[in-house]
Amino acid sequence: MPGSRCSARSEDGMADITKEQVLETLKTVRGPDLEHNIVELGMVSDVFISDGKVYFSITVPAERAKDLEPMRLAAERVVKDMPGVKGAMVALTADRKAGSPAPRPAPPQQAAPHAHAHPHGQPQQPRAAKIGVPGVGAIIAVASGKGGVGKSTTAVNLALGLAANGLRVGILDADIYGPSMPRLLKISGRPTQIDGRIINPMQNYGLKVMSMGFLVEEETAMIWRGPMVQSALLQMLREVAWGELDVLVVDMPPGTGDVQLTMAQQVPLAGAVIVSTPQDLALIDARKGLNMFRKVEVPVLGIVENMSYFIAPDTGARYDIFGHGGARKEAERLGVPFLGEVPLTMGIRESSDAGTPLVAAEPNGVVAGIYREIAAKVWKQIADTPLRSAPSIVFE
Ligand SMILES: Nc1ncnc2c1ncn2[C@@H]1O[C@H](COP(=O)(O)OP(=O)(O)OP(=O)(O)O)[C@@H](O)[C@H]1O
C-alpha cells in the first residue's frame with residue numbers, strides 16, 4: 001500500500017493516522033527544559049505507524065533516562081488518546097550526540113556508572129548506563145558470529161535445560177528481523193497487555209517468552225531501521241511482565257551488528273554463550289562475536305559446538321564428518337570455557353522445526369542430557385560471579 005510506512009488505515013473506517021498528526025500531538029508534551037516541546041527539541045524520531053499502532057523513539061541523555069520516564073509516559077498517553085490510535089509504543093533511546101558522552105571513544109578512566117572492577121586490570125570501556133529488568137536475575141545472551149549455526153535451537157534448549165535444573169526461566173527473541181521463537185516453541189496468538197502498556201509474555205513448556213513475532217507481522221519489522229529495532233528490543237525487555245525470573249535467555253540476532261552492540265552496552269548481561277559449528281569459517285565468525293562481547297566487558301560464559309558430529313539415525317553410529325573438536329580447541333586457545341558438543345541429529349532438526357524442543361519432548365533422551373549439562377555449566381558460572389547481582393535501575 002503506498003504510504004503505508006507513515007500512515008495507517010484503520011479497519012473500522014476511521015481516518016488514517018499520519019506521522020504529521022502524531023508529531024502535532026506530541027507538541028503538547030514538554031521537554032526536559034520545561035520550556036520547549038519534545039518535537040521542537042528534536043527528541044522524537046522513528047515515528048512508525050502500523051495497523052493503528054504508533055511506534056516512536058524519544059532520545060534522551062542516557063544518564064537521565066530514569067527521571068524522564070514520566071515524560072515518556074506522557075508522550076505515550078497523548079498519542080494513545082488520539083482518535084483512531086489503537087496503541088502506542090514509545091522507547092527512550094540514549095542520546096549519543098548532545099548532552100551525554102558518546103560511548104566511544106572516551107577517556108579510559110571514565111568508567112560506567114556501576115561498572116565492576118575489571119578482573120585483568122585493563123582500562124574500562126566507557127558505555128551507556130545499563131538498565132536492568134526488575135525481577136529478572138541474570139540475563140544471558142546466546143549469540144553466533146553468523147546465521148544458521150543453530151543459535152536459536154541452542155537458546156531454546158539451553159533455556160529448557162536451565163528450567164529442568166529448577167530455575168525460573170524466560171526467553172527473549174532479540175532477532176527482530178527473523179523471529180524464530182513462535183515456531184520453535186509452537187506459540188501463536190498475540191500477548192495481552194496490562195493497562196494498555198506492559199505486555200504479558202507468552203508461555204509454553206514452562207518458559208515465559210517474548211518475541212517480535214508475537215507483536216507485528218514479519219513484513220512490518222523488515223522495514224524497520226536501526227534505531228527502531230533497538231527501541232523495540234529494549235522495550236521487549238523492560239516493558240514485559242516477566243515476573244520473578246532467575247534467568248532470561250536472549251536469543252541474539254546473528255552477527256555482530258549495531259543491535260548486538262546496543263544490547264551488550266545497554267543491558268547488564270551476566271554473560272554470553274557463543275554457538276559455533278565445527279567448520280573453520282564459523283569459528284572465525286564466532287571469534288568475532290566473542291571479541292565483541294569482550295570489548296564491552298560482557299563475560300563470555302563459553303562456546304557450544306553445535307552440529308558437532310553426526311549420529312546415523314539407523315545404526316546410531318557416530319561420524320565426525322566436520323572434523324569436530326574445532327570449537328573445543330578454539331575455546332582453549334581463547335581461554336574461555338568449552339560448554340559442550342551437540343550432535344547433528346534428525347531428532348533435533350525435526351523437533352525444533354515442529355516446535356517441540358527435545359529437552360521438553362524427550363527429557364530422558366541423550367540430547368536433552370547434553371543440553372542440561374551445558375545449562376548446568378552456564379549456571380554454575382553465573383552463580384559464581386558477582387556480576388549476577390549487577391544493580392538494576394527500576395523505572396517505577
Ligand atoms: N544440532 C542440530 N542437529 C540438526 N539440526 C539442527 C541442529 N541445530 C540446529 N538445527 C537445524 O538447523 C536449522 C537452523 O537452526 P536455527 O534456526 O536454530 O539456527 P540459527 O543460527 O538461529 O539461525 P538464524 O541465524 O538464521 O536465526 C534449523 O532447521 C534447525 O532445526
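Including glycine, each Cβ sits where the backbone N, Cα and C put it.
Quantities reported herein were computed from a predicted structural model and do not represent experimental measurements.
Around the Cβ of G145 (ATP binding site), a 10 Å sphere holds 24 further Cβ atoms from the protein chains shown. For the recorded site, G145 (ATP binding site), the DSSP three-state label reads coil. Among the features that TrEMBL reports, ATP binding site is placed at G145, K146, G147, G148, V149, G150, K151, S152.
Positions annotated as compositional bias 'Low complexity' by TrEMBL: 111-129.
Annotated domain 'MIP18 family-like' per TrEMBL: 19-88, in sequence order. The average pLDDT computed for the domain 'MIP18 family-like' (19-88) is 85.
Here TrEMBL flags 96-129 as region 'Disordered'.
Each of the binding-site residues G148, G150 was scored by the other Cβ atoms within 10 Å of its Cβ; the lowest score goes to G148. Cβ neighbours within 10 Å of V149 (ATP binding site), excluding its own Cβ and spanning all shown chains: 23.
For the domain 'MIP18 family-like' (19-88), the DSSP-based tally of helix, strand and coil residues reads 23 helix, 20 strand, 27 coil. Looking at K146, G147, K151, S152, the binding-site residues in this record, the fewest other C-beta atoms within 10 angstroms of the C-beta turn up around G147. In this structure, G150 (ATP binding site) belongs to neither helix nor strand by DSSP; it is coil.
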